[in-house]
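This report concerns only the one structure given below.
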């Protein structure tokens, strides 16, 4: 006998459904609860902190069970999704009244971290992406999909570093990868990883899935037909989303290739160090996004973050954005736009739920409210003249047909769900109005019946009532029950009263309940038809949502530029960064002291700045503000400076700070060297490189050697625009030895035992490091500081007396290479070509080498 046959029919049904969804939690609807059994129950009780109970038995052992109330399920789902779990929702689809045996059930949706669309499960100002990754012959295919907007993209990173940068940029909530995926370390420290069968990544299968989704014969029109690795990932991704959503995906209509050469590439370390959307502690406070994002709509906020994480290289597109921001700023239009945009809200995600047919009544009400704001938006934008803004305004024009339909169809304040009706407005459908009138007329009839019966029989305690269990009834107090006429049939006895039914009331009950049932059934039918009526307008509404999002970002950046005194940057193709009175966009907002603005000049004749100065003097802030200003210019934003001319960049690299990578077993120094190696391999003459305190994680001479050699390589072999901060004073000799380098420093002034940081950038090298003064500020005991001063004096005297040459006094040849020079014999051997020597010459060379020993 099969194992399931030992169970009740209900448990047999559960086991069958669980076998179809073995790797995810199954929420099994039983009445007013979703129940979980066996290992699912144990896991859910730990994850959700709910009670673990028992039900029935299996093989002589009680079956573990846990459950959550159906009306509170969204909160529990939100917690599970946050933890990276997926959940299959199994509903009762049969009628308990007519079912023989267990009520029919089926899985109606699968909630996964990357495919959720429910408002309660999403962070409204962050994209919610699902991604798939594929690896072959050292190269990668990577696809991302935002189910809440239909945005579907693929790319093909060529190295692990580039792939890691993409994962950092997109931060997918769920990541699909094949069972034979080799670089598994890319999956570490992230929730929502999903192993998938290898065949789901086959190219032919992928093309078939994608053509089926888009209704096309091939993918040539999308420009992705040659991106084989990316298509393998995209095919797996679309199949997985279809499997989990259990419905059509009409809002996913295209696939775009995300070309790396169109963007300024930021690697994972750069995104982290510049604190673009996440600070070093993992939060969102004091980040660039926190300063710039005052968008009026959640969808605008999400778009701004995408711009920040993917700065552009196309100067024409960036100038269009800058022109648009300038026009809105000059007209002060953002003041009027913001309240109107706020009323429009997050229609992008409402449209996704509409496409998936999971929208709720209040989604429709919000969509109606958004549509009602469009005439006001049209009026406000009528004065705009820039072609980019005019085009956005055209896409955001009112859609009268949709607005009128929703105004006619949906009540002013509909309930949360359609389940109990009350959603469709009066006057929308004549038949529905008639059934409702019949059902609503019950109140008048019951009041009249109660008055008539009370007067006819002289029972002043007589009342007519209704409850869901017993239906309509006539209630009489126990003290007057003797006055009840014979045709009253007792239905229920209470402690102080009796309840009766009479034929007339029973007939009315049948009529009312039938009319309510008919009204509800018709209302649900009309609700489904409403989706069909709206679907032809879906693409137009999605274009509208995109246009409103862009308008929101542009007006937001105009407001930020106006409020924070930003200037318009000049974008040029030639390499170089020229900034007058530049400021750090975040630090200037959070510091209590006046922020000291500083200039920077980088050009082909001044490609590297060696930056010295005291710790806490502002070197890192100066470097970061340069990178952030360049990044802001490359999203088309105004920047915090008096003036700025920014040359086109291909990459921004940062090597700032480090900590142990315990998960990978890498020390601080190893992390530092890995990031340095990435820069030295991948930077180009069009890159901006920030190098801060290279070599501090090892011995003094090793560190100095590495810092010197790295700076020399960047200057002579790569020619990248570089800011090189160092505490090795010896490196200030480099500008004297190599072309196109310069020294700058941040100054400080000592007063006795105290120190004042000036935070102003000056030309030339710093005179000293002020390390002991900073230690005193940090609270190091005065006795320790005093001993340190004594030791410093001794070391300085020792250094002056030493015969060993300092890097600042050795000749140029030695200073350019801190690696030990080859010996005379090694040099002589390297100059000998044995194939060019006769036997006699070879013997003579051997005697000559012997004399060198």
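For all residues, glycine too, the Cβ spot is worked out from N, Cα and C.
DSSP gives residue 615 (ATP binding site) a coil state; it is part of no helix or strand. Around residue 615 (ATP binding site), a 10 Å sphere centred on its CB holds 18 further CB atoms from the protein chains shown. The ATP binding site feature in Swiss-Prot is assigned to 613, 614, 615, 616, 617, 618, 619, 620; the stated evidence is sequence analysis.
Note on residue 616 (ATP binding site): other Cβ atoms within 10 Å of its Cβ, all shown chains, come to 18.
Highlighted in sequence order, 746, 757 have their Cβ within 8 Å of the centre of the Cβ atoms of 613, 614, 615, 616, 617, 618, 619, 620, the residues recorded for ATP, and are not part of that set.
In sequence order, 611, 612, 613, 692, 725, 746 constitute the residues six or more apart from residue 619 (ATP binding site) in its chain with CB-CB distances below 8 Å.
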